[in-house]
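Below: one structure, written as structure tokens.
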Amino acid sequence: MLPPAPGKSTSAAAPSAGEFGRIDRYLKPLAAGFSGALGLTDDAAVFGIPAGHELVVTTDALVAGVHFLPDDPPADIAAKMLRVNLSDLAAMAAEPLAYSLVTSLPRDIGDDWLAAFATGLAEDQRAYGIHLLGGDSVSTPGPITLSVTAMGLVPTGRALRRGGAGPGDLVFVSGTIGDAALGLRVLQGTLTAEDPDPLIDRYRRPRPRLALVPVLRRFATAGLDVSDGLVADLAHLCDVSGRAAVIDASQVPLSASARAVVGKDPRLLSTVLTGGDDYEIVFTIRPTDRDALLATGAEVTAIGRLEPDGVPGTVTVLDASGAPLKLEAAGWTHFQAGPA
Ligand SMILES: Nc1ncnc2c1ncn2[C@@H]1O[C@H](COP(=O)(O)OP(=O)(O)OP(=O)(O)O)[C@@H](O)[C@H]1O
Ligand SMILES: Cc1ncc(C[n+]2csc(CCOP(=O)(O)O)c2C)c(N)n1
Ligand SMILES: [Mg+2]
Ligand SMILES: [Mg+2]
Ligand SMILES: [Mg+2]
């Protein structure tokens, strides 16, 4: 007989702790470090914020089969869920504070799944200094669906916005681009890579760029994180800033594993530029701040600039010869615009 699928209970499985037993056992420990969570005993959380600060609030939901693979390890699903939200806090130049969590889980998911999921949360709470403050536990006839509302703090007036980039500003990106999108294709069996593990790890465990927050507060005129794809997200920044951007594909930073894969099949460059799931930060700075930014030693790379003219909201990608690159799509979208 085949072993049971991860998380599925069988007649031989241990009995479940039930809705409230699961909250007591797996979720209350995650709220213990945040007094405003009231030990998850009340109808809601209550907390104040330090004087001179604003609360930054962001929500992102994840659906099995859409954002992660149903068989991904539960601790990795937990990490991805928390980290994509932490990435939005970093993009707004905020420091993590607390989060609420909605778990919508199939009725037959076992306590072992939730136990491993909570272990992943505990590890990342410690790593990123964020605490659970409440949420909701519901059943669903559909796939695992998770939603986090993350809250962070920023000194009053210092949140980084998507608007604010000026003509001539330089476009920078953190880290490397394309690893996660390539990792997903490896997991889906449509790509073979000599060194697949770093790519798969980037897909399952994004690395929110919270260490960049002080640098963003000092230099960035506009910024956002890359979830849908580098080109699509830079276009979002351009849209709100009312500007057009030109980037150099050959300047986009690639990891050694991604470079090897693209070297073998140059068509994968479009996957790198538009595949998404990067959770890096794209931001703009005044050209006069370039040397001071680079002197910080931050892991950032200049990839282009904002044009003095050009159609607002557009991004032109140049290839190594300086010719515009034709891309089928700028990035991921849940709902395609077009005729009904
Ligand atoms: N269902 C919704 N209700 C209210 N606001 C929404 C909803 N969906 C999106 N938004 C808002 O629209 C804006 C763009 O959302 P989007 O989800 O694209 O940004 P993001 O979270 O940075 O990107 P991603 O979800 O790809 O990580 C945000 O200000 C977001 O709060
Ligand atoms: C199994 C699987 N198939 C496809 C993708 C690609 N993908 C899905 S949603 C999204 C944008 C960010 O999400 P959102 O905009 O909802 O925050 C991307 C790049 C994936 N991650 N997993
Ligand atoms: Mg979102
Ligand atoms: Mg974002
Ligand atoms: Mg999106």
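Heads up, the Cβ atoms here are built off N, Cα and C, so glycines get one too.
Bear in mind that TrEMBL entries carry predicted annotations, made automatically and left uncurated.
The Mg(2+) 4 binding site feature in TrEMBL is assigned to Asp43, Thr58, Asp88. Mapped onto three states, the DSSP output places Asp43 (Mg(2+) 4 binding site) in coil. Of all Cβ atoms in the protein chains displayed, 6 besides its own lie within 10 Å of the Cβ of Asp43 (Mg(2+) 4 binding site).
Per TrEMBL, Mg(2+) 1 binding site is recorded for Thr59, Asp60, Asp136. In the shown protein chains, 13 other C-beta atoms lie within 10 A of the C-beta of Thr59 (Mg(2+) 1 binding site).
Counting only same-chain residues at least 6 apart in sequence, those with a Cβ under 8 Å from the Cβ of Asp60 (Mg(2+) 1 binding site) are Met81, Val84, Asn85, Asp88, Ser147, Val148, Ser227. According to TrEMBL, the Mg(2+) 2 binding site annotation covers Asp60, Asp88.
Summarising the annotation, TrEMBL assigns substrate binding site to His67, Asp277, Trp332. The Cβ neighbour count for His67 (substrate binding site), using a 10 Å radius over every protein chain in view, is 20. In the three-state DSSP reading, His67 (substrate binding site) counts as coil.
Taken from TrEMBL, the feature ATP binding site covers Gly135, Asp136, Arg162, Ser227. Mapped onto three states, the DSSP output places Ser227 (ATP binding site) in coil.
Taken from TrEMBL, the feature domain 'PurM-like N-terminal' covers 42-154.
Per TrEMBL, the feature domain 'PurM-like C-terminal' maps to 166-310.
For Asp136 (Mg(2+) 1 binding site), applying a Cβ distance below 8 Å and a minimum sequence separation of six or more within one chain yields Leu101, Val102, Thr103. Cβ contacts within 10 Å of Thr58 (Mg(2+) 4 binding site), excluding its own Cβ and spanning all protein chains shown: 19.
Residues in the domain 'PurM-like C-terminal' (166-310) partition by DSSP class (helix H, G, I; strand E, B; coil) as 70 helix, 25 strand, 50 coil. Annotation for Gly135 (ATP binding site): same-chain Cβ neighbours under 8 Å, separated by at least 6 residues, are Leu27, Ser100, Leu101, Val102, Thr103.
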